[in-house]
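In Swiss-Prot this protein carries:
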DOMAIN    2-245  domain 'ABC transporter'
BINDING   Gly34, Arg35, Ser36, Gly37, Ala38, Gly39, Lys40, Ser41  ATP binding site
Amino acid sequence: MFQLKNVTRQFGKKTAVSTVTFDIPQGQMVGIIGRSGAGKSTLLRMINRLVDPSSGSIEFAGLQVSSLKGAALRNWQRDCAMIFQQFNLVPRLDVLTNVLLGRLNHRSTVLSVLNMFSREERIMAIGALERLGIEQTALQPAGTLSGGQQQRVAIARALMQQPKVLLADEPIASLDPLNAKIVMDALRDINERDGITVITNLHTLDTARNYCERVIGMAHGRVVFDGQPKDLTAAAVAAIYGAETAIEESMTSTSINIPAEAPRETASAGLKPLALAGP
């Protein structure tokens, strides 16, 4: 279980995240929504420890994440994989090598420097690409792929870390609706089939409603809503996005529509389960 207690981050005189407190049970899929500048990205970066909290504590399964240093911190960043809006791939390297880079924190320094990957790791990487439906791109330079394909490569690389938690920072913000749906289907498939906790930042209400069992709304660095999608009333939306402008849900839509009567696994059709090898 994740436990955040009074987590705050200040940049000079500006408070980006203010006294955030919540628990997340293992295996939950959580969407964090809010306007740009609400503190969503800073919060995820603190969980991953790319940014340190100014105060407060972050704990995961008894591990004091906010106090980790050295090798223990590197191990946490292995167990807490993160994908970004910008994909963060190495464009000149082929797709397979980019995916294999997810194994670096599982390996010795010498093997990591030499980029020597085992046959088992290569099979695992191909399996991850097959699961995301892009195995045919394995030998292409990553920079030649579309945005949606690059994001799926980033997800495959994250799977190679064998994470306990997957953080997704605006994973569909730069994608068209079709690719946005494919990426969100993949994240939910990982959550449901592997039992991995997924926490994703989203601008869009419809995406949060369709994919997340829990939604956390942020405004001005604070949590102003925490509940199920069905509880996102007009008043809750106004608290998140601001009552000074008449926010309509269509304004924050990516046009990802899943029929209400369809079972959740239908949206993940075509995504194949991946048997992850042991470390």
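Heads up, the Cβ atoms here are built off N, Cα and C, so glycines get one too.
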Other residues with Cβ within 8 Å of the Cβ centroid of Gly34, Arg35, Ser36, Gly37, Ala38, Gly39, Lys40, Ser41 at the ATP site?
Asn201, Met218
Across the domain 'ABC transporter' (2-245), what does the mean pLDDT come to, as a whole number?
93
Please work out the number of neighbouring Cβ atoms within 10 Å of the Cβ of Ser41 (ATP binding site), leaving out its own Cβ.
20
Binding-site residues listed as Arg35, Lys40, least Cβ neighbours within 10 Å:
Arg35
List, in sequence order, the same-chain residues at least six positions removed whose CB sits under 8 Å from that of Gly39 (ATP binding site)?
Arg9, Ala16, Val17, Ser18, Val20, Met218, His220, Gly221, Arg222
Cβ atoms within 10 Å, counted per site: which of Gly34, Gly37 has the most, among these binding-site residues?
Gly34
